[in-house]
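These notes concern the structure reproduced below.
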Amino acid sequence: MEDLIQLDGKNIVVMGVANERSIAWGVAESLYKAGAKVIYTYRLDRSREKLEKLLEKYNYPAEMIVRCDVNSDESISQAFTDIGEKVGTIHGLVHSVAFANADDLKGDFIDTSRDGYAFAQDTSAYSLVAAAKAARPYLADDASIITMSYLGAVRALPGYNVMGIAKASLEACVRYLTFDLGKDGVRINAISAGPIRTLAAKGVPGFNDIMKMIEEKAPLKRNVTKEDVGNMSVAMLSNLSRGVTGEVIYVDSGYNIVG
Ligand code: NAD
């Protein structure tokens with residue numbers, strides 16, 4: 001059993017650490033505990049600086065830190081070429097990236113602009129397809145990819161608006177990618193996390209009320225943490241889950257099943 005959980009010496013790429021609150025940082029911490037070597041991608045210089053401070057604070061090594069703007073094919077391609085050339089084989093990929101224009105998360109969904117719709121899809125859903133494609137030449141034959149989704153993919157949640165549509169698309173991308181990646185033995189799954197107070201969550205209207213509702217209504221009567229998501233990520237990236245692909249795994253205190 002220990003062998004199945006261990007990610008000893010495995011190269012895992014983590015996309016999306018903006019700061020200590022990021023879900024991707026929770027995943028990275030769990031990965032270190034499982035013995036993985038972590039490669040980070042970032043978009044903004046200030047994210048890189050924050051990441052470097054975090055690594056220093058907790059004394060974690062980074063195998064590599066590479067810039068990757070998921071809105072740019074060139075940036076994605078360059079990042080994964082650099083990673084592949086340095087580490088050789090990628091055993092896991094954590095896609096923890098999403099963005100929508102603030103204006104499209106306020107007001108009515110019906111007012112979403114054409115550009116805002118396309119931008120949310122591009123950044124939050126297509127980016128998974130593009131990253132998987134760029135990583136593919138370097139993926140190990142039992143590699144695993146995970147992405148982060150939210151309940152707004154399958155329920156109409158007031159205020160989640162255009163991001164709900166992007167998450168629905170993201171979950172569909174996961175299902176369709178299973179065929180292509182499955183030919184190489186590679187798995188891909190989504191983790192649908194309950195609400196966690198992060199930078200991205202600040203843009204979601206009524207976020208505090210949502211967290212309160214989870215405490216009241218979810219079977220576990222508590223909100224989940226980025227550590228909860230990190231630990232499930234280790235399960236989904238390791239051979240513990242080797243028979244699972246194309247799934248959406250809820251880490252949400254059971255809230256999604258409540259009627
Ligand atoms: P976060 O703000 O810490 O992370 C979002 C990351 O996306 C940031 O690191 C940001 O730099 C990155 N990003 C945005 N645009 C990018 C671009 N063009 N190129 C590269 N990177 C880009 O917030 P988070 O809550 O940790 O979000 C991580 C993922 O988890 C997102 O997909 C989010 O939708 C999802 N999620 C969050 C919650 C929650 O309640 N916080 C719940 C379920 C799912």
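Including glycine, each Cβ sits where the backbone N, Cα and C put it.
Automatic, uncurated: that is what TrEMBL annotation is.
Database features (TrEMBL):
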- TYR150: active site, proton acceptor (ACT_SITE)
- TYR160: active site, proton acceptor (ACT_SITE)
- GLY16, SER22, ILE23, ASP69, VAL70, VAL97, LYS167, ILE196, ARG197, THR198, LEU199, ALA200: NAD(+) binding site (BINDING)
- ALA100: substrate binding site (BINDING)
Please go through the binding-site residues GLY16, ALA100, LYS167, LEU199 one by one and keep those whose C-beta falls under 6 A from any atom of ligand 1; give the result in sequence order.
GLY16, LEU199
For ILE23 (NAD(+) binding site), identify the closest of the recorded positions ALA100, TYR150, TYR160, judging by Cα separation.
TYR150
Return the single residue from the binding-site residues list (LYS167, ARG197) that has the minimum number of other CB atoms within 10 Å.
ARG197
Three-class DSSP secondary structure - ARG197 (NAD(+) binding site):
coil
Would you mind listing, in sequence order, the residues at least six apart from GLY16 (NAD(+) binding site) in the same chain with a Cβ closer than 8 Å to its Cβ?
SER22, ILE23, ALA24, THR41, VAL94, HIS95, SER96, VAL97, MET148
The one of ILE23, VAL70, ALA100, LEU199 whose CB sees the fewest other CB atoms within 10 Å, among these binding-site residues:
LEU199
Quick one: what's DSSP say for LYS167 (NAD(+) binding site), helix, strand or coil?
helix
Please report the distance from the Cα of LYS167 (NAD(+) binding site) to the Cα of TYR150 (active site, proton acceptor), rounded to the nearest angstrom.
7
How many whole Å apart are the CA atoms of VAL70 (NAD(+) binding site) and the residue listed as 'substrate binding site'?
13
What residues, ordered by sequence, lie under 8 A Cβ-to-Cβ from TYR150 (active site, proton acceptor) and sit at least six positions away in the same chain?
TYR160, MET163, GLY164, LYS167, SER192, ALA193
Protein Cβ atoms within 10 Å of TYR160 (active site, proton acceptor), excluding its own:
23
